[in-house]
Amino acid sequence: MIGRLLRGGFMTAIYAYLYIPIIILIVNSFNSSRFGINWQGFTTKWYSLLMNNDSLLQAAQHSLTMAVFSATFATLIGSLTAVALYRYRFRGKPFVSGMLFVVMMSPDIVMAISLLVLFMLLGIQLGFWSLLFSHITFCLPFVVVTVYSRLKGFDVRMLEAAKDLGASEFTILRKIILPLAMPAVAAGWVLSFTLSMDDVVVSSFVTGPSYEILPLKIYSMVKVGVSPEVNALATILLVLSLVMVIASQLIARDKTKGNGGDVK
């Protein structure tokens with residue numbers, strides 16, 4: 001009994017530590033007090049001010065554009081890479097797998113400096129393209145690992161049966177592998193989108209003043225105090241994230257039902 005109470009209290013403390021700051025942020029986005037120290041009444045004026053803040057909205061647009069493009073390219077390349085690692089044997093396969101984990105485990109500052117040096121050597125101007133390439137680079141391994149983990153759960157006999165019946169490699173990929181892997185592909189896209197939207201360290205090294213993104217804009221603003229407009233923007237992003245997570249879960253569940261359940 002005491003152990004159960006201790007476990008319950010410990011879990012309650014963990015969840016409170018995680019979610020109370022988020023709740024405070026949401027509440028302060030509707031607080032008429034500019035400093036959010038105490039409640040002075042309900043208001044939506046901070047959302048109105050946010051809609052009129054051109055620099056913040058432009059940074060948000062840049063971040064959304066970057067996240068969509070980087071997540072899409074990373075998911076496309078990463079899914080095909082995962083299929084290649086799963087289906088084929090080729091020279092250097094262990095090296096490719098190992099390098100993916102190196103990228104995942106490398107500190108952000110190491111990756112940021114490495115990419116910056118690469119762009120300087122290649123003469124690439126810091127801006128949209130350097131930022132896009134960088135975001136694809138650090139999102140790619142997460143997609144590969146997510147999709148590859150799903151592929152490892154497939155029944156290989158299904159693929160062998162399709163091949164015995166005369167199906168080409170492309171047909172197997174299109175008719176069997178991709179439909180069954182689609183929940184993992186969707187999860188990889190959502191994860192890549194989140195990583196791109198959230199990145200500060202790498203982006204601060206590889207972007208230029210011509211293409212400012214939201215995390216860097218917010219970081220520069222909170223140095224002098226948290227603005228209520230930032231609270232409002234963070235609340236909107238939180239709602240969008242929840243919608244994306246729920247949508248991805250629904251898509252994954254529908255795909256699983258459509259394929260007759262998980263393949264063991």
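Glycine too: its Cβ is placed from the backbone N, Cα and C atoms.
In Swiss-Prot this protein carries:
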- 10-30: transmembrane segment (TRANSMEM)
- 60-248: domain 'ABC transmembrane type-1' (DOMAIN)
- 66-86: transmembrane segment (TRANSMEM)
- 109-129: transmembrane segment (TRANSMEM)
- 131-151: transmembrane segment (TRANSMEM)
- 176-196: transmembrane segment (TRANSMEM)
- 232-252: transmembrane segment (TRANSMEM)
Q.
Under 8 Å between C-beta atoms and at least six residues away from its ends: which parts of the chain pack against the transmembrane segment (176-196)?
A. 63, 66-68, 70-72, 74-75, 78-79, 82-83, 87, 135, 138-139, 142-143, 146-147, 149-151, 154, 158-159, 162, 241, 244-245, 248, 251-252, 255-256, 258-259, 263
(Q) Take the C-beta pairs under 8 A between the transmembrane segment (232-252) and each of 10-30, 66-86, 109-129. Which stretch has the highest count? (A) 10-30
